[in-house]
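J.: Below are the structure tokens for one structure; questions will follow.
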Amino acid sequence: MSSDQEMAIFGEAAPYLRKSEKERIEAQNRPFDAKTSVFVAEPKESFVKGTIQSREGGKVTVKTDAGATLTVKEDQVFPMNPPKYDKIEDMAMMTHLHEPAVLYNLKERYAAWMIYTYSGLFCVTVNPYKWLPVYNPEVVTAYRGKKRQEAPPHIFSISDNAYQFMLTDRENQSILITGESGAGKTVNTKRVIQYFATIAVTGEKKKEEPGKMQGTLEDQIISANPLLEAFGNAKTVRNDNSSRFGKFIRIHFGTTGKLASADIETYLLEKSRVTFQLKAERSYHIFYQITSNRKPELIEMLLITTNPYDYPYVSQGEISVASIDDQEELIATDSAIDILGFTNDEKVSIYKLTGAVMHYGNLKFKQKQREEQAEPDGTEVADKAAYLQGLNSADLLKALCYPRVKVGNEFVTKGQTVEQVTNAVGALAKAVYDKMFLWMVARINQQLDTKQPRQYFIGVLDIAGFEIFDFNSLEQLCINFTNEKLQQFFNHHMFVLEQEEYKKEGIEWTFIDFGMDLAACIELIEKPMGIFSILEEECMFPKATDTSFKNKLYEQHLGKSSNFQKPKVVKGKAEAHFSLIHYAGVVDYNITGWLDKNKDPLNETVVGLYQKSSVKTLALLFSGAQTADAEAGGVKKGGKKKGSSFQTVSALFRENLNKLMTNLRSTHPHFVRCIIPNETKTPGAMEHELVLHQLRCNGVLEGIRICRKGFPSRILYADFKQRYKVLNASAIPEGQFIDSKKASEKLLASIDIDHTQYKFGHTKVFFKAGLLGLLEEMRDDKLAQIITRTQARCRGFLARVEYQKMVERRESIFCIQYNIRAFMNVKHWPWMKLFFRIKPLLKSAETEKEMATMKEEFQKTKDELAKSEAKRKELEEKMVSLLKEKNDLQLQVQSEAEGLADAEERCDQLIKTKIQLEAKIKEVTERAEDEEEINAELTAKKRKLEDECSELKKDIDDLELTLAKVEKEKHATENKVKNLTEEMAGLDETIAKLTKEKKALQEAHQQTLDDLQAEEDKVNTLTKAKTKLEQQVDDLEGSLEQEKKLRMDLERAKRKLEGDLKLAQESIMDIENEKQQLDEKLKKKEFEIGNLQSKIEDEQALGIQLQKKIKELQARIEELEEEIEAERASRAKAEKQRSDLSRELEEISERLEEAGGATSAQIEMNKKREAEFQKMRRDLEEATLQHEATAAALRKKHADSVAELGEQIDNLQRVKQKLEKEKSEMKMEIDDLASNVETVSKAKGNLEKMCRTLEDQVSELKSKEEEQQRLINDLTAQRGRLQTEAGEFSRQLDEKEALVSQLSRGKQAFTQQIEELKRQLEEEIKAKNALAHALQSSRHDCDLLREQYEEEQESKAELQRALSKANSEVAQWRTKYETDAIQRTEELEEAKKKLAQRLQAAEEHVEAVNAKCASLEKTKQRLQNEVEDLMLDVERTNAACAALDKKQRNFDKILAEWKQKYEETHAELEASQKEARSLGTELFKMKNAYEESLDQLETLKRENKNLQQEISDLTEQIAEGGKRIHELEKIKKQVEQEKSELQAALEEAEASLEHEEGKILRIQLELNQVKSEIDRKIAEKDEEIDQLKRNHVRVVETMQTMLDAEIRSRNDAIRIKKKMEGDLNEMEIQLNHANRMAAEALRNYRNTQGILKDTQLHLDDALRGQEDLKEQLAMVERRANLLQAEIEELRATLEQTERSRKIAEQELLDASERVQLLHTQNTSLINTKKKLETDISQLQGEMEDILQEARNAEEKAKKAITDAAMMAEELKKEQDTSAHLERMKKNLEQTVKDLQQRLDEAEQLALKGGKKQIQKLEARVRELEGEVESEQKRSAEAIKGLRKHERRVKELTYQTEEDRKNILRLQDLVDKLQAKVKSYKRQAEEAEEQSNTNLSKFRKLQHELEEAEERADIAESQVNKLRVKSREVHTKIISEE
């Protein structure tokens, strides 16, 4: 463990990587009992922490940390590790290793956001679902060069270890990042690439063309990810950024460890996502990035909108992802394209093709009238798509609707149905996108290939994770198979190879079987006769279906392989056909469409248009595709393409996967396991069972165990000796030879380590985990000691040298000092002075001579210097010019030398090519001669066949006579058959489904036992489901019949309304008129309310008792009123009561809002699911029960209110003592309340005076405790008295006819109360201030209660209307079960009246009360939105009903689906009804509160009368009272205005609701009509089908009599049966898909709120990610600036070079003239060479194609099963033969079609034997067609093929003679033989022509080669001359220098 200071280098990432030192100390000091602290198994959490309490009889009692006590077995208790192992970084170091220890270690680290943990030799990472600062640049720097044990676990550590291993071991490395989908593999892959691009940066740009390069190699490597993610990643159910393709990124390094280049291999892009997505998923990111409008110029260029919903291909699921900012991602993608060096044209092409794919989804086609042919439904979309692809829109539409098909010798247009065209468009869109993606990968690889020397690479693997969806198809099988192979690779590497290594090295080791072998599942998928093998085999048969594929799978594997199972049928889940047991779980697969996906066909006519597109990129994408036009033109290389084009998707996938596994096996792997912590993507949450499942599947525990038990580290003896000899050099004697193994043994024995931690093998020494790290530390310490000693020696030596210098300097100083002292002593001596004076004079004469001489020499030197300077300047100028000349000559010589070298190489290549071509010409010549012989043989055969055909013609004439008779006799029946065929074509699906079950049962006995069981299971399942649903319907009907007569009457009334729905418009107008005439409706509603109230009183006997109790309480209140004398105290209590009521009202309002939400949710569900109306059959009886429950709730509420009031009295008594403290709070409350009435300033002054008065009143409260108690009792009892108003209101409605509505009555009552209060306040001014606030509070409470009451009444009315509407819909589905029409009419009349009464009563409740304006506006808006949704749903329903007209038999299944939905919604209805009952209880509670508030007003009035005595004391407040009255009048007016506004808003909302009800009724009417129409059409279709069956039987009998074709009819039945089975499977899949979509929609609706919360979290993550991207963008911009500066420098250098070049050209004109001739000759030589190279490359291409096809033919010949296939393989050599055989095949097909028109399907099946021969000939023709170009080069093999062909012709002739016995077969074969004879004639003629042509070509090629030889000789001579001249120039330059 490192200290906090050492962790500081990691910056802000330190807390997320390792525990702090303080935390480690706390963990070590934490109390811990190793004997009692355990993990215990627990059902919910898997394992929990606990403490052992006792052990008895093999049982252990454990108390968990949560306080629960568990008693479990001994083996369910696991010991806990000491606290110091908490959050341990390497789980292999744990004391106790078991599942709970690993789980909790990961959980605790994850809770601390330490997402990386070592698990032995590999690393485990947990997806945090949030951004963490652990990938910053300082973290990268901190991990660089660190050993694994020196730094915390991290993906950077794994990457650095791989990098260091590559450098030290000189071995390729790979990093395998695996895990399930959504585990974080893609993010970790990007981090690995980021690390390598940072630490191995080259810092240099590649030398590319200007404008083509925008970044360094490391920038390009990093930028490849955003581009690939944009086009290859998408949102799935489990992952917002899921890689929908696999990629293996190889990063190549040079010898020094610097980046050299990189390349990317991709695997299996999920093409189907382009055109189809599930609801919770979306397509590839690029589509939504473009439509994000971040770059408006793209929107304009691509002719698209910014709304993805305008494009069906990309809007089938979700269109936005909270965690992804599509706008910013678009900028990153666009920048990546630029950085990766795409040209501007390529970039525009990428966007255009992407936009074209989006437009493809909008292409519409319709069926021509009276034809099945499809035609375009508008050309606007096609024009846009064609424009973007550089095509002609008319040609595109024509190619889609009328593709060209080759028939015989000609091309004909083929008609397409709408479905076929739609499928073709989808296939083209997927193909364009897939090919564009692969091209982008190839371009990226081309850009990343720097041509620098590279030695080793590190591969990073990122593939799609293991996927288990509700609907799993072929893509999921491929993905899961890849993960299975990788897991097997991991298991084999970790467990098998590791232990085999121990055995091989002779280490004592017991083999441990970890049970992790996945071979069974892998072999089941890929081995011969496995799933892929069977799939490819089925793709080879044209009539194969999904059903036949499934049957073969069952036959081959069901019951034979334990990993292959039959899926379980789960209600609500998509249909599955088989299940596989993978290592990560059981996956159910649906095989629908697998054959088409595997074959991946395309419209060849459209492909031909693509190849001619003006968009070069599109033409390039499809340049290698083979089309029909290309075949017609005889394009060369067509044979190769045709021979290799039929490669299935699964075969290509397996080939790529095998290459990947080969690459991985050749590297040293490093494993990173990614874990999903939870399914909800919640940060910090971990689901124990989910994580444990992944740990078990990934072999984490086993990997830790093998790491702990085994010896994961190993090193060769010689390397060990060399590296660790320094630990103890004395252990290895010097000067004598010693074996490396013995030296290693001695060395290890002499070191102080645990000797059980290593073993000696034959060639290596093996170490336990951690020991090698310990040795490294010891080595580092030893090296540190040695270096320290060396440094000490060096420092000592340097010090001694310095000391010696100091000694020498001191001796020199002593000598100088001695001489100076001696001089000082003698310098004043007289003789010395004389000596000083004379000595200079002695040399003066000589000095003068020397000076004169020196002056002369100086002058000469000066002159010479001037001359030399002038000369030097001349030489310098000349040197500069010569240097320029030299440089230019050097450049020229260098270019000439390079040109000479190139010319020499090309000459050598030409010579070699010449030799090769000569040999090839000889071979071709020989083959041409053989071809001539073959042609002669073919001519003889042709004559022989002509004789045979003449005989066959005679037979044909006889057959024609017979057929003419037959046709005359069946002419009458033929017309009937045609009519029936036309009708059955229109009803193809219906007839197929009706006859399918019968045919399936008839033919089931001819199937194997498994097929029989499968069919019976299907039939039984459907029958049981249908029976069960019918039984459920019967039970529901029985239960409804047992209900009360009232409910039956109401249901009959609703059934009657079905007939009346046709007059719905008139009823809606009547209802609207009634609403507009408010007075008339109010009177009616008052009468109906009286009826309802009387009914309620009859049904609620206990309610009467409650009213009696209310009256008693009222009498008691009257007695208490007389005793109230102290009103001043009542103010405080009233305020307290007000606050309590306010809180209660808030609670009620919250519940009302929740109830309103539930109500709106119920209405929304009713509108969105019209079928759910039938689920509400019991609604009205629940409404009646609701009244009974309301009565009981009232009784309970009364008792609760009494108890509550008692509790309030006690509370108030206790509160009394605290009134002094609460005085200030009351003052603030008074201020707040007054501020709501008038301005703050006026209210403040009044309330201050009132507060002073209240303070006086509070002082008096102490002496009036009893009076306060009575007052409290009075106030609390008022609620009981107000409850009596409920009964009184019903009577008041009859008594007060003058009242217009309940709202006006309340208004008048409030007005009277206000006026009375005004009079009382004028008379009683003293009491006014005390009561004014109480009055205001009471009125406010009344308003709130009234509003809540109104809301409850409105909610109740809405529920009643919704229930009535629902029941009316429910009744519609019951009409077909009613038989007694007359009785139903009478009952419906009575029930209609009752229902109208109840409807009017409900409307009266709505109109009688006010509602909050804001709430109604929101409700109105919400209802409008819901109605719009309902209209959309109705349109979809109508479409579904129209589809039902074509799918009569499917009606029962749809009915079962609706019944299932009925059960689900019925449960929801019950829940809603429970809520309605609770709301009813709350409703009565609100009514009582409202009445209590009114009673409080009356009580206050009486109290004001009692306070008249105090008027004299309050006279001084009269003026204030007047102001208060004025304020109250304003409040009154304001309240009245608000009431009028609310009433108007209510009326508008009510009108809106009634309008919506009218819409719903109209919809119901239309639905009922549609359903009745469906029933009628079903009956008609049944009759038509019966008639068709009878006619068909007669026709078949007639034809059997005339043609004796019973066998053919039986075969026809077999074919129809298979077709019916396929249709049945398709309909079952559609039904299951519909069920799944419905269930998914319901789940999405319920989970919306949770998703919104998750969205906020994702938004936060996205914001943080955006900040990261901004930082990265800034860094990229800085890099770009640096690159721009470098570019400018290069440009300056280039300009300078250009100027130098121009100067050199001027100075070297003479030299240019001499070299010009050489240039001219060289140029001509180069042109000649290029021409030769072109010719040779063409020849080489043709030779390579021929050789390749020869190898293919040899392989196919070995694999051939039948003689026909063998013959087909060997006849590929005959080009012309195959072309004419193709035309013959097409003619034969046309002939077959003509015969099919004259004969029915039975006759066609009778000719099945002939069709087999046709199929063989067709296969032979197709294969012959692919080998056209190889004819001339494989003549020897052609002879053998012709001989076999002769044998085959004899066999065919013999077969023909046998077929003559059968008239119909003979007719078909005769026609084919005629066509074949004609074809052979043309074939022989054209073969002769082709042979002559080829001979002429060969002679021409020989002549050209001779000329090439001459040119090569000339070139050689010219090269020699150039060499001589270059040497002369070079010698001249050297001599000049």
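The backbone N, Cα and C atoms fix where each Cβ goes, and this holds for glycine too.
Pasting the relevant annotations from Swiss-Prot:
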- Gly179, Glu180, Ser181, Gly182, Ala183, Gly184, Lys185, Thr186: ATP binding site (BINDING)
- 86-780: domain 'Myosin motor' (DOMAIN)
- 783-812: domain 'IQ' (DOMAIN)
- Thr64: phosphothreonine (MOD_RES)
- Ser623: phosphoserine (MOD_RES)
- His755: pros-methylhistidine (MOD_RES)
- Thr1239: phosphothreonine (MOD_RES)
- Ser1290: phosphoserine (MOD_RES)
- Ser1493: phosphoserine (MOD_RES)
- Thr1515: phosphothreonine (MOD_RES)
- Ser1540: phosphoserine (MOD_RES)
- Ser1572: phosphoserine (MOD_RES)
- Ser1712: phosphoserine (MOD_RES)
- Ser1724: phosphoserine (MOD_RES)
- Ser1737: phosphoserine (MOD_RES)
- 657-679: region 'Actin-binding' (REGION)
- 759-773: region 'Actin-binding' (REGION)
- 1124-1145: region 'Disordered' (REGION)
- 1151-1170: region 'Disordered' (REGION)
- 1883-1913: region 'Disordered' (REGION)
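I'd like to know what surrounds each of these features in this structure.
T.: There are 24 other CB atoms within 10 A of the CB of Ala183 (ATP binding site), with all protein chains counted.
Long-range contacts of the domain 'IQ' (783-812) within the same chain, counting only residues at least 6 positions beyond its ends with a Cβ under 8 Å from a Cβ of the stretch, are 726.
A strand conformation is recorded for Thr64 (phosphothreonine) in the three-state DSSP classification.
Sequence-distant contacts of Ser623 (phosphoserine), defined by Cβ-Cβ distance under 8 angstroms and a gap of at least six in the same chain, are Gln611.
Classification of His755 (pros-methylhistidine) by DSSP places it within a helix. Other Cβ atoms within 10 Å of the Cβ of His755 (pros-methylhistidine) number 9 in total over all chains.
For Ser1572 (phosphoserine), the count of additional Cβ atoms within 10 Å of its Cβ stands at 14 [all protein chains shown].
Counting same-chain residues at least six beyond the ends of the region 'Actin-binding' (657-679), those with a Cβ under 8 angstroms from any Cβ of the stretch are 106, 110, 119, 121-127, 129, 155, 158, 161-162, 165, 169, 171-180, 182-185, 188, 238, 246, 248, 265, 267, 459, 461, 465, 481-482, 485, 489-490, 493-494, 685-687, 690-691, 694-695, 698, 700.
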J.: By DSSP, what is the split of the region 'Disordered' (1883-1913) into helix, strand and coil residues?
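T.: Taking the region 'Disordered' (1883-1913) as a whole: 31 helix, 0 strand, 0 coil.
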J.: Should Lys185 (ATP binding site) be counted as helix, strand, or coil on the basis of DSSP?
T.: helix
J.: Compared by Cα position, which of the modified residues Thr64, His755, Ser1572 is the closest one to Gly184 (ATP binding site)?
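T.: Given the candidates Thr64, His755, Ser1572, the nearest one is Thr64.
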J.: Taking the mean position of the Cβ atoms of Gly179, Glu180, Ser181, Gly182, Ala183, Gly184, Lys185, Thr186 as the ATP site, which residues outside that list, in the same chain, have a Cβ no more than 8 Å away, listed in sequence order?
T.: Asn127, Asn239, Ser242, Gly465, Cys674, Ile676
J.: State the Cα to Cα distance, in Å, between Gly182 (ATP binding site) and His755 (pros-methylhistidine), rounded to an integer.
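T.: Gly182 (ATP binding site) to His755 (pros-methylhistidine), Cα-Cα distance: 45 Å.
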J.: Counting distance between Cα atoms, which of the modified residues Thr64, His755, Ser1572 is nearest Lys185 (ATP binding site)?
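T.: Going through Thr64, His755, Ser1572 one by one, the closest to Lys185 (ATP binding site) is Thr64.
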J.: Spatially speaking, which of the recorded positions Thr64, Gly179, Ala183, Ser1572 is closest to His755 (pros-methylhistidine)? Use C-alpha to C-alpha, please.
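T.: If we rank Thr64, Gly179, Ala183, Ser1572 by Cα distance to His755 (pros-methylhistidine), first place goes to Gly179.
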J.: At 10 angstroms around each C-beta, which of the recorded positions Thr64, Ser181, Thr186 has the fewest other C-beta atoms nearby?
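T.: Among the recorded positions Thr64, Ser181, Thr186, the lowest count of other Cβ atoms within 10 Å belongs to Thr64.
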J.: Report, in whole Å, the straight Cα-to-Cα distance of Thr64 (phosphothreonine) from Thr186 (ATP binding site).
T.: 39
J.: Between the binding-site residues Glu180, Ser181, Ala183, which lies closest to Ser1572 (phosphoserine), Cα to Cα?
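T.: Nearest in space to Ser1572 (phosphoserine), counting only the binding-site residues, is Ser181.
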J.: In the region 'Actin-binding' (657-679), how many residues does DSSP assign to helix, to strand and to coil?
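T.: Taking each residue of the region 'Actin-binding' (657-679) in turn, the totals are 9 helix, 8 strand, 6 coil.
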J.: Could you put numbers on the helix, strand and coil content of the domain 'IQ' (783-812), residue by residue per DSSP?
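T.: Its residues fall into 30 helix, 0 strand, 0 coil.
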J.: At the Cα level, what's the spacing in Å between Ala183 (ATP binding site) and Thr64 (phosphothreonine), rounded?
T.: 31
J.: Using a 10 Å cut-off, grab the number of neighbouring Cβ atoms around the Cβ of Glu180 (ATP binding site), all chains included.
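T.: Looking across every protein chain shown, the total is 25.
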